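Listed features, source TrEMBL:
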SIGNAL    1-24  signal peptide
BINDING   103, 109, 276, 366  substrate binding site
BINDING   425  heme binding site
Ligand code: HEM
């Protein structure tokens, strides 16, 4: 009896310790949810966009929620985003990134110096080096396209657009950055893609720590195979991978990372560089195919660059002006890019909102921006935000539209698919060039259409909110044939 009372007392005490946090005067509204410790974790993970919308209706543009023992302050006012993005002193990027690194890639980097990694990335993915990389990518894209969508094929071929876009761009990207010449390399990019796809499918559960035992075993074995595939990538200067990867591996070695750790880090880079481009290209083509007016406008713009019939030329090797395509891409990403921008509060901070309110951010909490809900899907900023309007980012005279407003004030951030500030996407230009090149090659060399002219774009997989580009719940069947075959 005495033990029962003692255990009961311990349980009540533990519950109190785990759940006790009350809102003080300067704190943002606090919503702990009803489940002790877990708080809102389940609803948050199931469909973050819907959950954060519900919280916004209840509390406004800033609130703190409890999720799996952590307190996360969510900020949804784009006018106030810079106060978070520009403060790397009090709000740390790397701590949460390291948590994810460990959960997803089983990776712990010794003497991790993100600034050095970032500097190498910048050097190789911008400026003069970008031009060389674009050329390599263009070559691999053409080769992959010829293999996967042969020019001598006479009849229509049917395939899922998501798998087609993702696999093609993955293989070309892998060969450009990690592999080398197709067939000349011991590891076939198709085998890597097959394993990578399984890994990508389990990624959100790995990040949340919600894998079932069977999935855990699959994740472990898929990771193991990918590590082995990637082991030689970038090891030597004359290896067939890119100068960037070699520089990255050298840096890891200088920082004392052993071979095991290096392989894991290379897998992380494979995901960072390949995880978003394929899905983005899928949505872009999917929106074009379901919006004939947009497709015609893009084709017209492309035909002005070089005649449709003879378009083998690379778009990446020379500067081109494609405002219609740029607007199409911006609109696609507005609807389908949904990263969380998360920071850990390492020093207590007073957050000054644009409306003059001030809130205290507590040390040890996390701060999260979710630009997908605002600005991207905010009806005050974008009229009919659920609707795809290919020319949303074009002025009447055809120039780029940059004027968007909220609360009567012009916005700095009216869409944020690439993040922002010093931790924003380093690969942005490379990604844009690649997607444009891919879409150009497909639309100019092939007839591409929906298998069922009445089909709609699939719903998004709501589990993936927060992890960069969204993915569809199911694939979209399309058919294609080379333009010169009939
Ligand atoms: C459509 C394609 C892409 C999208 C939408 C995208 C989006 C993003 C976003 C939102 C972030 C910032 C995350 C944050 O602030 O926490 C990011 C970071 C990053 N991206 Fe991309 N990305 C894309 C393609 C690429 C490509 C092709 C590369 C490289 C070749 C790349 C390399 C990186 C790297 C290295 C970072 C981390 C920067 C850092 O840690 O400071 N991305 N990306």
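Any Cβ shown, glycine's included, is placed from N, Cα and C.
Remember, TrEMBL labels are computer predictions, not curated facts.
Positions of the features from TrEMBL, shown on the structure.
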{"residue": "103", "record": "substrate binding site", "contacts (Cβ under 8 Å, 6+ apart)": "206, 207, 209"}
{"residue": "109", "record": "substrate binding site", "contacts (Cβ under 8 Å, 6+ apart)": "98, 101, 252, 255, 257, 261, 265"}
{"residue": "276", "record": "substrate binding site", "contacts (Cβ under 8 Å, 6+ apart)": "337, 431, 468, 469"}
{"residue": "366", "record": "substrate binding site", "contacts (Cβ under 8 Å, 6+ apart)": "70, 71, 72, 73, 96, 342, 343, 344, 345"}
{"residue": "425", "record": "heme binding site", "contacts (Cβ under 8 Å, 6+ apart)": "418, 419, 431"}
Fill in: Candidates near ligand 1 among the binding-site residues 103, 109, 276, 366, 425, judged by a Cβ under 6 angstroms
276, 425
Worksheet item: Using the residues the record lists for substrate (103, 109, 276, 366), what whole-number Å value is the largest Cα to Cα distance?
Response: 25
Discussion item. DSSP secondary structure for residue 276 (substrate binding site), reduced to helix/strand/coil, please.
Written reply: coil
